[in-house]
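> Attaching a single structure in structure tokens format; questions to follow.
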There are 4 protein chains.
Amino acid sequence: MQTLSTEILTRTIRQRPADSYKGTYGRITLIGGNRNFGGAILMASAAAVYAGAGLVTTITDPSNQGSLHARLPEAMFADFNDLAQTQDLVKGTDVIVIGPGLGTSPQSLTILNNVFSVVQPEQTLVIDGSAITLVAQHQLALPQAHLIFTPHQMEWQRLSGIAIAEQTPARNQPVVNQLNATVVLKSHRTQIYTPTAVYENPMGTPAQATGGMGDTLAGMVGGFVAQFTNKTDAVLAAVYSHSAIAEELARTQYVVLPHQIIDVLPQFMKEHECKN
Amino acid sequence: MQTLSTEILTRTIRQRPADSYKGTYGRITLIGGNRNFGGAILMASAAAVYAGAGLVTTITDPSNQGSLHARLPEAMFADFNDLAQTQDLVKGTDVIVIGPGLGTSPQSLTILNNVFSVVQPEQTLVIDGSAITLVAQHQLALPQAHLIFTPHQMEWQRLSGIAIAEQTPARNQPVVNQLNATVVLKSHRTQIYTPTAVYENPMGTPAQATGGMGDTLAGMVGGFVAQFTNKTDAVLAAVYSHSAIAEELARTQYVVLPHQIIDVLPQFMKEHECKN
Amino acid sequence: MQTLSTEILTRTIRQRPADSYKGTYGRITLIGGNRNFGGAILMASAAAVYAGAGLVTTITDPSNQGSLHARLPEAMFADFNDLAQTQDLVKGTDVIVIGPGLGTSPQSLTILNNVFSVVQPEQTLVIDGSAITLVAQHQLALPQAHLIFTPHQMEWQRLSGIAIAEQTPARNQPVVNQLNATVVLKSHRTQIYTPTAVYENPMGTPAQATGGMGDTLAGMVGGFVAQFTNKTDAVLAAVYSHSAIAEELARTQYVVLPHQIIDVLPQFMKEHECKN
Amino acid sequence: MQTLSTEILTRTIRQRPADSYKGTYGRITLIGGNRNFGGAILMASAAAVYAGAGLVTTITDPSNQGSLHARLPEAMFADFNDLAQTQDLVKGTDVIVIGPGLGTSPQSLTILNNVFSVVQPEQTLVIDGSAITLVAQHQLALPQAHLIFTPHQMEWQRLSGIAIAEQTPARNQPVVNQLNATVVLKSHRTQIYTPTAVYENPMGTPAQATGGMGDTLAGMVGGFVAQFTNKTDAVLAAVYSHSAIAEELARTQYVVLPHQIIDVLPQFMKEHECKN
């Protein structure tokens, strides 16, 4: 097991090439936020925008349109009940993040299946939150794609069948291999599994233990993967950045709110970009 | 009568244990905010989030969904007219705050009775604002629970039957005992009654005399009680913090807005957490 | 004609008495903001809250409820089409501000007449913007109350019948006397008329020449009048503060946005409150 | 080809005359923002307000009303489906910006045609984003007016018929002459064409390569043209300011969000206004 350090940042966060445009930094589509959990997809979307993704579309319950644009005019909006439009948007994207605030209702399942039905092998698909639960509950076939899962321990138990107390690398690795995915297993010390290696994030603070942190991380993972060539490094850098920013803020705050991590992300990435 | 000091903060605001997660800091559900008074439940909810509560759900009029998430994506939303969903959410929570902006209409009463019908003895129930008025007006039976009331003097008159001019500790204490509750009696110098003691808050500034202050305090009380083991100390620390922050801001402001207190709460709590 | 100076501030902005509560600082109701001009009543309401008014209610088009609370949770909301509720709210208030973004449609006129029908002599009524135009167009009888008009020059022409080029103190004063009102005649150098005196505001900057400035001033006038005993001084202090803050901000800004004036109002008032 | 420098700013951004009012700084109407792309017209509108335009009206999908006022109370709102009201508003304005987030649906085309049908020769018409695509797709006749186009390279290809790789000054100029317009051709190094000259903007940073930058520039162009007499210089100064601010912010940020450029625009313009 390798322990992450700031080296993952300078290795991953390249200086932006002078002659680049929005498309250079990826198109990302985030799907989630039912009527009850709209804030989740707002935070995930903001994390993707502030990470530097080129073009961000949020596909969510129509009741979230106004609050999305009040907080984040940079994101485009679509109604997740419009299955045809969702398919078109998903097809034209590089990275898909599905799950933050999606819920586990029949409607949620319909939306998830609709997205899965059009994902293409060259796309990256980040499966988070209730989308993981739905995959596990309904034993959904996963689409061919670069798969990234971001479960907390209970969601990983649902997906892998491994009880929380038994989630060791030895037990986790075979399931990861079978999924042929990157798995960000969130806990006090988050571990990142790929089919060939395991990494541990040494950063993190109990000041982060508050609702919305996972949604924010999912959006950051999407934003990093959309921009940086090495997808594993991109995931690792996103996880490390998320916790490192929280630690920094926690020096002067008893609790760190997810939106505060998002707000300082552009500064943090600049400080840690590759210098040559 | 004991006078509060910063000692209540360092005694109460523990350093967060390294190995903790959202559940460690409590699930809190806030119910209120009709169509006219939506801002009240928004402020109460934000106070709970910024105090560090682990998971916050706001159950309110559906017209408040958008403004809630525009201000506070960290909170989850539910429609307070959906009585079954409200019951489910209340059952799964550690702390319930009911009253900020709830109103006193028949609809408000229905919602209050619905919540009271499912509260369990191990839960903490903070009864604020119009919920206090409804309890008094309709002589509602109180559920078995850790009860906290946060009345201003007129609401206390309604609940206790003691006229404002006669609200002395000697007169108040028997009613508090009968309620078997903690009572935060808000005034120029707020007093906190428990069945065994009375405390006075020496802090507070006339710059606080503006709409929404009580809603904010109710949310802070909920957020502190959700996190800290000694519930009486948690209430005392919330009351003291609320006024101490206001005094600090009032050095440079003629009026202190409730949302400004909320914004600096994470810093204030960090400064005053237990250092060992 | 007397020229205002900072002396009007220290004379008017009293130190808040220690033993005071929300009611001490007045109840103020602001009516306006149709579907097109919602921002106007939002700015007026925010100005009243940030000036320190005790309790602020905004009566506006229902489509403005969400944006009101997203910006200003401290204000209460009511639907201006609910004439009975509007009457109840207006009756229970100390100060009424009507006009910002009200529009001049038949609906606007109905709302204005509804408010005028319940205003009481001891109340202060600030008539601004399109409400002035409606009074002039329909030659409405004014209610018995402490009347304050805040017209720009064109609105004053409509109300007084005096063409802009001829709006001299000599011509204006008889109309002011007939109205038995305070008139804030907004221009490059705003003049304030009472039945007994004329004042000129020496402050102001072309950086203020942007939409929403008048709405903000109307709200500040309402907020000052709600708090300070001498109503003429309160109006003068509001006008002076509005321009003085703008001048300060204009040192580093090419244009000063109304909401920026509102944001710094609590600091400005603290700096200029009476020191003994 | 002339290369722009800060000289264009000090030449263009005049000190505001002391005796001026809102009308001095222009009425501007921005039309766009369908249900999916509401953020685009919010950013364009905010850019116009923060640039100092006197009066700003946003004509957009009604679902964007709340988020518009939550972010920007200074702007007035109208429903772009109300064709008669839109015509009235367009007629009474100095500058029209059409296109940000307008979309290319039949509804979008109806709205565009409706606006084109009432534009007058003395007005300035900024055609941006999907409005350019609609003009090209439907070969729309352009109204007589001071025309400004703000295409990116693909939109210019659609409008001019010149493939991106062949968009040289020699090829572009004849089309510009035929359009009798100013063309802001956005790319890594934006070029500005008038019938008599070509300018190149030396500023710009890859940190700007994110959604919403073009919408923001369109709003700034509108705001500058509304205020400054020499329309060509106004366009040049807007383009230069947009990139210069981004470069400044990019010193400490990995990505620069459009709304951040807007926020600092009043300070930037003050620093660079004509000093005599």
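Quick reminder: no glycine exception, Cβ is built from N, Cα and C everywhere.
Owing to the predicted nature of the structure, the values given are computational and were not obtained by experimental measurement.
Pulled from TrEMBL, these are the listed features:
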DOMAIN    B:5-272  domain 'YjeF C-terminal'
BINDING   B:Ala40, B:Gly101, B:His152, B:Asp215  (6S)-NADPHX binding site
BINDING   B:Lys186, B:Ser187, B:His188, B:Arg189, B:Thr190, B:Gly214  AMP binding site
> Is B:His152 ((6S)-NADPHX binding site) helix, strand or coil when read with DSSP?
strand
> Quick one: which of these binding-site residues, B:Ala40, B:Gly101, B:His152, B:Asp215, have their CA within 10 A of B:Ser187 (AMP binding site)?
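Cα filter at 10 Å returns B:His152.
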> Quick check for the class: what is the C-alpha distance, in angstrom and rounded, between B:Gly214 (AMP binding site) and B:His152 ((6S)-NADPHX binding site)?
8
> For B:Asp215 ((6S)-NADPHX binding site), which of the binding-site residues B:Lys186, B:Arg189, B:Thr190 has the nearest Cα in space?
B:Lys186
> Can you tell me the CA-to-CA distance separating B:Lys186 (AMP binding site) and B:His152 ((6S)-NADPHX binding site), as a whole number of Å?
5
> Please identify, from the binding-site residues B:Gly101, B:Gly214, the residue with the sparsest Cβ neighbourhood, meaning fewest other Cβ atoms within 10 angstroms.
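Lowest Cβ count within 10 Å among the binding-site residues (B:Gly101, B:Gly214) is B:Gly214.
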> For the binding-site residues B:Lys186, B:His188, B:Arg189, B:Thr190, B:Gly214, return the ones with C-beta distance to chain C below 8 angstroms, or 'none'.
B:His188
> Using DSSP with the three-state reduction, classify B:Thr190 (AMP binding site) as helix, strand or coil.
coil
> I'd like the number of other C-beta atoms within 10 A of the C-beta of B:His188 (AMP binding site), please.
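The answer is 14.
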> At the level of the C-alpha atoms, what whole-angstrom distance separates B:Arg189 (AMP binding site) and B:Gly101 ((6S)-NADPHX binding site)?
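Checking the Cα atoms of B:Arg189 (AMP binding site) and B:Gly101 ((6S)-NADPHX binding site) gives a distance of 23 Å.
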> Among all the protein chains here, how many other CB atoms are within 10 A of the CB of B:Thr190 (AMP binding site)?
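So the Cβ neighbour count for B:Thr190 (AMP binding site) comes to 22.
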> Fill in the CA-CA distance, B:His188 (AMP binding site) to B:His152 ((6S)-NADPHX binding site), as an integer in Å.
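Between the Cα atoms of B:His188 (AMP binding site) and B:His152 ((6S)-NADPHX binding site), the distance comes to 10 Å.
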> For the domain 'YjeF C-terminal' (B:5-272), what's the mean pLDDT in this predicted model?
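The predicted confidence over the domain 'YjeF C-terminal' (B:5-272), as a mean pLDDT, is 97.
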> Roughly how many angstrom lie between the C-alpha atoms of B:His152 ((6S)-NADPHX binding site) and B:Thr190 (AMP binding site)?
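Cα of B:His152 ((6S)-NADPHX binding site) to Cα of B:Thr190 (AMP binding site) measures 9 Å after rounding.
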> List the same-chain residues at least 6 positions away in sequence whose Cβ sits under 8 Å from the Cβ of B:Ala40 ((6S)-NADPHX binding site), in sequence order, or say none.
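Result: B:Gly32, B:Gly33, B:Pro100, B:Gly101, B:Gly129, B:Gly212, B:Asp215.
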> Using DSSP and collapsing to three states, where does B:Asp215 ((6S)-NADPHX binding site) fall: helix, strand or coil?
helix
> Please identify, from the binding-site residues B:His152, B:Lys186, B:Arg189, the residue with the sparsest Cβ neighbourhood, meaning fewest other Cβ atoms within 10 angstroms.
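Checked B:His152, B:Lys186, B:Arg189; of these binding-site residues, fewest Cβ neighbours within 10 Å: B:Arg189.
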> Can you name every residue in this chain, apart from B:Ala40, B:Gly101, B:His152, B:Asp215, with its Cβ inside 8 Å of the center of the Cβ atoms of the recorded (6S)-NADPHX site?
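Along the chain, the qualifying residues are B:Gly32, B:Phe37, B:Met43, B:Ala44, B:Gly99, B:Pro100, B:Asp128, B:Gly129, B:Ser130, B:Gly211, B:Gly212, B:Gly214, B:Ala218.
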